[in-house]
């Protein structure tokens, strides 16, 4: 295979999209990495922006390590930490329904990730299960946030002055998880990332959202129909059958002012308190660590993960590094 950065040999392609391709590569020492290639002549280059943002976020929990970035002859190249499947992948693996326990564990991590992201002066604007990946091996209980193509600086890093409020904006992000304000054409801010996290959590624990699968011709009409459904579905109805914390979190997120600092500690406490009241243990085990039916690519990873969980519970030998896992490609939608 082709060598990039003078040391990483491309082994197999994981996926491609309008951004270019993503590969698994191996270096001389045998370590595996992910390599993103983007054609230099591309009309809307994203990789340079993503690399800049990743560099800015380096060192934070749940942010992929970047090992190398350069413009080669015909491609822009970024070499980064190889991750496991996306939350959408593991949701499918678990027959499209997550337990309350796993959902609450995810709530805590997603809120930590977005607080860190906001703390570095950016909003994500495309919160969805495809944009969170599970780590590999010993990091398999860590959730990573990815795909910063739509991220935007919302305040001045020096003065901390918040960006201006605007209206009549096009919908940015993925309609299924977008906040109501995003549908209404309002400039997005931190509150919108939080509302989207709320929708993702309901999706995980209920298996779907009421505005999925609306049959309408044309993208704008579909966005309109989804917005109408969001407008006409109170949080109490959306979260029917769930503990009150889910609706309470969504109400809190939607009630924030445009430039208000979210109380992330309160948001995390809501779900942590519920977790404690439900009597769940701190074993760090998600549903997909013990799932019964699994595609071949995950068998070894999950088997080792299961042993790790049993060891954590004191009922089996601890394990070493887990096997190979498929990296989810950031989706273009």
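Just so it is clear, glycine is given a Cβ too, placed from its N, Cα and C backbone atoms.
Bear in mind that TrEMBL entries carry predicted annotations, made automatically and left uncurated.
As annotated by TrEMBL, ATP binding site applies to 36. Annotated domain 'Protein kinase' per TrEMBL: 8-333, in sequence order. Residues or ranges marked as region 'Disordered' by TrEMBL: 310-333.
Taken together, the residues of the domain 'Protein kinase' (8-333) have an average pLDDT of 88. Packing around residue 36 (ATP binding site) is summarised by its Cβ count: 23 other Cβ atoms lie within 10 angstroms of its Cβ, all protein chains included.
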